[in-house]
Amino acid sequence: MSVHAAEPLRKVTTHRLFEMKERNEKITMLTAYDYTMAKIVDQAGIDVILVGDSASNVIAGNITTLPMTLDEMIYHGRSVMKAVERALVVVDMPFGSYQGNSTLALASAIRIMKETGADCLKLEGGEEILDSVKRILSAGIPIIGHLGLTPQSINKFGTYTVRAREEQEAKRLISDAHLLEEVGCSAIVLEKIPAQLAGQVASELKIPIIGIGAGNQVDGQVLVIHDMLGMTNGFSPRFLRRYANLHDVIFEAAQHYSKDVKSGDFPNEKEQY
Ligand code: KIV
């Protein structure tokens, strides 16, 4: 009987995402912000781990993603990178670190890459950030774009409702997606737009389109891990499927522990030295 060595882990790269699209293989993406969660998600075989600036909401307790700083994103990115062996790790560039100034954008991007060791960056926006996108790409740093409901622009939108329902905004989104592909982005996240529009973009572009609230005619899906695990039970958009109810699991465990400590049941004789 011959003994086979375990298959070597094949690290996911931006090129591999492109191949997956060509093969019609759906791409899985989840957020993670810390070592422990990133390790579980990576071992579960998720293709892309996004160190999202949604950390601002689910970790830091802010209402929007705008307060997130470059230092905070680097902290989360570095923690995730220590855990991940297979997945492609993408770090969000935070609000204020790349808009309107391509020199600042490149400096911010280089800091994230050097200090976290991440594989790729994600930036929100289209034509209006194209100079920054090109400058970062020129340094050999892969970029994933993000169009549709871009949370860093929430003060412009004024609402978290579905974007690009109107023809003018839909046309602009299609044109922005083409621009991002032409300059060399590796993929695009489309957030909260009509499924048909997302499907059109996915069929017109060669690079993968990863949706969140953008239907199933795209090349992959992304969810915020706290939402899909049911930890944020006050947040229930239509696009969200909950795969667990960790809110109740954690709540009940904390209550049980409290009861055991107060009654003197914990620790028992076997749980002490
Ligand atoms: O920050 C984030 O989690 C994101 C996803 C919603 C795509 O950008």
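Glycine too: its Cβ is placed from the backbone N, Cα and C atoms.
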Pick from Lys11, Lys21, Lys122: which one does TrEMBL list with Asp53, Ser54, Asp92 for the same 3-methyl-2-oxobutanoate site?
Lys122
Of all the recorded positions given, Asp53, Glu124, Glu191, which residue's CB has the most CB neighbours within 10 A?
Asp53
Under 6 Å from ligand 1 by Cβ, which binding-site residues from Asp53, Ser54, Asp92, Glu124?
Asp53, Ser54, Asp92
What does the structure give for the C-alpha distance between Lys122 (3-methyl-2-oxobutanoate binding site) and Asp53 (Mg(2+) binding site)? Integer Å is fine.
10
Which chain-mates of Asp92 (Mg(2+) binding site) that are at least 6 residues away have a CB under 8 A from its CB, listed by sequence?
Leu50, Val51, Gly52, Asp53, Met68, Met73, Leu121, Lys122
Can you tell me how many other Cβ atoms are located within 10 Å of the Cβ belonging to Ser54 (3-methyl-2-oxobutanoate binding site)?
20
